[in-house]
C-alpha cells in the first residue's frame with residue numbers, strides 16, 4: 001500500500017491501484033475494447049479534437065485510438081466478404097451518389113464496414129450510436145479519422161445519447177435524405193423535432209423489432225409521410241441475425257460477465273421468437289433446464305415441440321438461476337418479480353430496448369447498487385439478497401460481448417441493398433407505408449454468402465421451373481414467406 005501511494009492519482013498518469021482495478025474490468029468490456037482511461041472523467045463533449053486532416057466534425061472518446069480501430073475494421077472485413085463484394089461491384093456506378101444518410105446503429109467494427117461501404121457507393125454519412133454501451137471507442141475514432149461525422153462513445157449518458165443524435169441531424173449546410181435506424185430512436189427524434197426535414201426524407205430503413213413496431217404505429221396513425229423498409233422481417237435478417245447470432249452470443253455475453261456454468265442451471269427465457277429460439281437452443285445444448293414464457297400460442301406450441309416447458313413467469317421466478325428477456329415488450333420483469341427472485345439470480349435482456357426489465361424500480365433508497373465488473377451490478381436487498389443485473393437491462397450481447405462478424409455481414413448487406421432500392425426507386429413505386437425487402441433481394445443477399453461455405457446451388461431445369469411455376473433464377477419464395 002505504501003508503494004501504491006507513491007503514484008499520483010489526479011495528474012495525467014493513473015495510479016497503479018486504479019490501473020489494476022481497471023484492467024480487471026476491461027477484459028469484460030465490449031469487444032475487448034481498447035480503452036485509455038486516463039481522461040475518463042472528461043466528457044468527449046468537452047474535448048477539442050481534430051483528425052489528421054484538421055476536421056473536428058465528430059465527437060468520440062479519443063481520436064488517438066484511430067490506428068487500433070482501423071486494425072479492428074480490417075479484421076472484420078475478412079469475414080464480411082459479401083459486403084466487400086457488393087462494394088466492389090457497385091463502386092463504379094455510385095448508386096448512392098447524392099444520398100445523405102443519417103444513421104443510428106451499434107458502432108462496432110462490423111458496422112464500420114457497412115458505413116464505409118455506403119461512403120464508397122457515393123453516400124455522405126453522419127452517424128450516432130443506438131446503444132450507450134455497445135460503441136467500440138477505437139472504431140468510432142477510426143471512422144472519424146476517415147472523415148465520417150460520427151458522434152458516439154461507450155458509456156454515454158441519456159443526455160449524451162440524444163445530443164449525439166441531434167448533432168447528426170442538425171448541422172449547417174447538410175440535410176439528410178435517408179435514414180438508417182436500429183430501434184427507431186433516430187426516426188422518432190427527426191419526426192418530433194424536425195418535421196420539415198422528416199417530410200423530405202426519401203426513405204427509412206429499420207432493422208429491429210422495436211423500430212419496425214414503431215414504424216407500423218406511425219403508419220397506422222397516418223403519420224408516416226415517407227416510405228420505409230422493414231429489413232427486420234427479411235428472412236436473411238430474421239434467421240441469421242436474430243436466431244443464429246443470438247444462439248452464439250447469449251453464451252458469450254453471460255460467460256464474459258458472470259463466468260456461470262450452465263449445466264443444471266434453471267433458466268427462464270421470456271419470449272420464443274427468433275431471438276428466444278436461438279438463446280434456448282444454446283442453453284439447452286449446455287445442459288441448462290429451460291422454461292419459456294409466451295403470449296403467442298403458435299410460438300408456445302413451437303416451444304413445446306422443441307422440448308421446453310411453457311410457464312407463467314410467476315410460477316418459476318422463485319427457483320430459476322437466470323432470467324433472460326427477449327420479447328420487444330416493456331415491463332416483462334417487474335419489481336414484484338425481482339423481489340421474489342432467489343439470491344444471486346442473474347437478470348439480463350436480449351431485446352433491443354431497455355424497457356423489458358423494470359430497472360427504474362430498483363433505484364430506490366432501500367436497495368444498494370454495487371458495481372462488481374464492467375456492465376455487472378449487484379443489486380442488494382435489505383436482507384442481504386443479491387440480484388446480478390447485466391448491462392443495466394440493456395442489450396446483453398452487444399453491451400457485454402461481441403456478435404459473429406459473418407452474421408453482421410448478412411444484416412449489413414441487407415441494409416445496404418434496402419438503402420439502394422429506396423434511394424433509386426422511381427417515383428410511385430413506394431408510397432408512404434412500411435414495406436418488406438423484395439424477396440429477390442433477400443435471396444441475392446443469401447447467394448452472396450454461399451461461397452464462404454463452398455456451397456453450390458442446384459439449378460432447376462426448364463421443365464421443373466414450369467412445373468413449380470417459378471423463374472429459374474428466382475425468387476423462389478413468395479413475399480410473405482418468413
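The backbone N, Cα and C atoms fix where each Cβ goes, and this holds for glycine too.
These numbers come from a predicted model, not from an experiment.
In TrEMBL, the feature region 'Disordered' is placed on 1-56, out of the ranges 1-56, 57-112. Residue 277 (NAD(+) binding site) sits 19 Å from residue 207 (substrate binding site), taking the C-alpha atoms as the reference points. Looking at residue 241 (substrate binding site) and residue 275 (NAD(+) binding site), their Cα atoms lie 9 Å from each other.
If you take the C-beta of residue 397 (NAD(+) binding site) and look for same-chain residues 6 or more apart in sequence within under 8 angstroms, you find 245, 246, 249, 250, 252, 253, 350, 403.
Note on residue 273 (NAD(+) binding site): other Cβ atoms within 10 Å of its Cβ, all shown chains, come to 19. Here the C-alpha separation of residue 274 (NAD(+) binding site) and residue 207 (substrate binding site) works out to 14 Å.
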